[in-house]
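This report concerns only the one structure given below.
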Amino acid sequence: MIVVKIGGRVVKNSLDKIILDILNINDKVILVHGGGDIVTDYTKRLGIEPVFVTSPEGIRSRYTTKEELEVYIMAMSLINKSITSKLCSLGKNAIGITGVDGGLLLAERKKRIVVIDERGKKRIIEGGYTGKVKEVRSEIINHLVKLFDIIVVSPIALDVEERTPLNIDGDQAAFAISKALRANVLILLSDVEGVLVEGKVINRLTPSEAKELSKKIGPGMNRKLLMAAESVENGVNKVIIGSGVKDRPIINALELNGTVIANG
């Protein structure tokens, strides 16, 4: 079983390449998609100014109000059904779901978050409607893969305590699903060719090397490396970080082009 995460820019600019590539894969595929740029577009169209916050680690993320949560769900559902309909129209047996469906992804809402304000000072603010995955009901996917070849998953989770959907990070969703399924491979596709150090792609890292390197590279990729190391330590065979904008992006990753995090 292969888990593939495609970032928002890949969804917006290279989706057809991803879909054509999936047609040539004979394994079961769990496709987790992002879509931040598209969410921002729809937010602005509806007259809502998107708000982004920066963590003390330098990671910039969307601040999700109740109003923007509704737009997020709408946009992600549109992306999900667009991907699923294209796959089905090309003869693939696919289904599109969110992490809310069946309680696939159970999360906890972030009650408070620490941000860096416009003066460069740390400040604690109300957490909005973003969450952290706490549980994956892997039996749902295990049942679905008996019926479908491809499962397209939107990164929306269910907050059981407050009974509301939550915006969750797409990478986090993909890592959580991969660990729960003990997937053979997790592929992370974005607009970079892999982990870059001094402009060159690092081809292979062990989990311990990935953790060490995470201390020396920029925000965003450092988090990917930490989660990749944890995934391999928890039963995922390998994690591959590669380009989603080149031709044959998934096949290229399976041929180990990019950065591979694995034991040994």
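The backbone N, Cα and C atoms fix where each Cβ goes, glycine too.
Just so it is clear, the model here is predicted, and its values are computed rather than measured.
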According to Swiss-Prot, which candidate in Asn93, Asn142, Asn167, Asn184 joins Gly35, Gly36, Arg62 at the substrate site: Asn167
Separation of alpha carbons, Gly36 (substrate binding site) and Lys5 (site 'Transition state stabilizer') (Å): 13
Length of the line joining the Cα atoms of Gly36 (substrate binding site) and Lys224 (site 'Transition state stabilizer'), in Å: 17
Binding residues Gly35, Gly36, Arg62, Asn167 (substrate) - maximum C-alpha distance in whole Å: 12
Number of other Cβ atoms within 10 Å of the Cβ of Gly35 (substrate binding site) across all protein chains: 27
Sequence-distant neighbours of Lys224 (site 'Transition state stabilizer') in its chain (C-beta under 8 A, six or more apart): Asp171, Leu188, Ile241
